[in-house]
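Trainee: Dropping the structure in here first, questions after.
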Amino acid sequence: MSVVAAVGLTKRYRDVTALEDVTFTLEENAIYGLLGRNGAGKTTLMQLITGQNSVTSGDLTLFGGRPYENEQALMKVVFIKESQKYPSAYRVKHVLTLAGRLFPNWDEEFAQSLVDDFNLPRKREVRKLSRGMTSALGVTIGLAARAPLTFFDEPYLGLDAVARQLFYDRLLSDYAEHPRTVVLSTHLIDEVADLIEHVLLLDRGKLLLDAPSEELRGEVMDATGPAGVIDEFAGSRTVLHREQLGGTVRVTLRGSFDNAERLRAKKLGIDLEPVSLQQAVVRLTMERNTDR
Amino acid sequence: MKRILDVARLHNVAWVAQLGWPWGIMATSLVINILLFASIDEAAPGKTSTGGLSSLYITTAIVAAISISQVFPFALGMGVTRRTFYLATVLVNVVQAVVYGVLLYLLNLIEGGTGGFGIGLHFFRVPYVDVSNGLLQVAVYAVPFLFLNFLAIFAAVWYVRYGTNGFFALATATILVLGLLAVLVTWQGWWGDVWHWLSTQHQISLLVGWPALVAAVAALGGMAAIRRANA
């Protein structure tokens, strides 16, 4: 059974369509990257899955049931978001106590070790924490909750590079011991590229891409070579991007290349290399936007 | 039920804010009243009562409203359903009203036993509200908490669901309805009947019965409004 299944999922706010006809599934024990520009609909999608907002049309199931007001399903989910509000009277230790009661799989020892790792002051009021420390608190809850479905929506705002690395490391090691479904929504694509097993790319409310990240990486390539032969080599492939510097042209091409083609490229003096996940996402998003 | 109890902890984990402020403010009011009346040489008989106790009720209602506007978005973020959150909120407020009622009754006994803190002060033994039966006295103290808190909670839920504009629209509508009602009563010359009806009501109906009914209606209204609210 899929953890999440969406068919024709649509969400409209008065005159804005935040999500349009989105169909996908989230499977057990995988790390997903939910990518897209600001306003692409990432947060809306996560709000619908976690029952924080209601679906306009389409079908959405979470652990086999509708998420809205579904206690049994929602107890298996943790949703860590940058915009999470905390009551002004709460201190760090209060939040940890409450999370321990609300999440069935909570690991207190793990939570305490994360608090130490991030140097979180247990007695400080949450509203007095810095941006980065608030994020660290969210990350701590999200990891220690060990929920079968874990969402991180831009969880690293204000976190320094060391703390972010700490987050990625802890996530990976805990995921190895306690596999679950993790959805990372982020703009720092290159940072999480090695973590993500599957990419969901949203653009203007539509699902642009739903593919394993390995496949995606081989799917978008940069070809650099003399202007004369590049276009011939590109042939009928979709050219996502093209830039020319003197006699040398670099094109970003979509589609995989077999060994024969790679050999041909070499003979033509064309340098063929895969682009980073971030570049692939940027090129694919921009291609769609120029199509309109 | 266990889930509701776990969620109820959201309201009192930071108990200093929930308990400390209402009782702290009331205690301050009490001390000021004691000092004030002690410094008056000859307090006229029957004039030693004060409205200081209302501070406890008002602060408690404010705490209840804040708990909705601040705790609800947090609860929703932690995967708590609206229904469970609301039931936990009702539970906390009902238990709190009873406990506060008992505490006030005990303070009432202390005040009576010490001759009004030695100066004949009527801080907890508020005239008319002071009844002879102990259990009834607890109810008389407890019900106004329910009345004010559930009205405050309803207003706060409305605010969370419909925002600032919705909140003021509700306030405007309330003033309009109550105002037009007053106009109608004045126009028809019904005030005499209204006072007559009020004066024939039993003391217990006015202090417990009717406020409890209003509190129950407000509580149900809050439940209906929160089911579609998003933080």
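Placement of Cβ uses the backbone N, Cα and C atoms for every residue, glycine included.
Here the structure is a predicted model, which means the values were calculated and not measured.
Grabbed the feature section from TrEMBL, which reads as follows:
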TRANSMEM  B:12-36  transmembrane segment
TRANSMEM  B:56-78  transmembrane segment
TRANSMEM  B:85-107  transmembrane segment
TRANSMEM  B:138-160  transmembrane segment
TRANSMEM  B:167-187  transmembrane segment
TRANSMEM  B:207-226  transmembrane segment
Trainee: Take the C-beta pairs under 8 A between the transmembrane segment (B:56-78) and each of B:12-36, B:85-107, B:138-160, B:167-187, B:207-226. Which stretch has the highest count?
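Mentor: Highest pair count goes to B:138-160.
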Trainee: Report, as numbers and ranges, every residue of the chain located at least six residues beyond the transmembrane segment (B:207-226) whose Cβ falls under 8 Å of a Cβ in that stretch; write 'none' if there are none.
Mentor: 72, 82-83, 85-86, 90, 129, 131, 136, 139-140, 143-144, 146-147, 149-151, 153-154, 157-158, 160-161, 201
Trainee: The transmembrane segment (B:12-36): which same-chain residues, six or more beyond its ends, come within Cβ distance under 8 Å?
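Mentor: That would be 50, 52-53, 55-56, 59-60, 63, 67, 92, 117, 119, 121, 123.
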Trainee: Residues of the same chain, at least six outside the transmembrane segment (B:167-187), with any C-beta under 8 angstroms of its C-beta?
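Mentor: Long-range Cβ neighbours of the transmembrane segment (B:167-187): 155, 158-159, 194.
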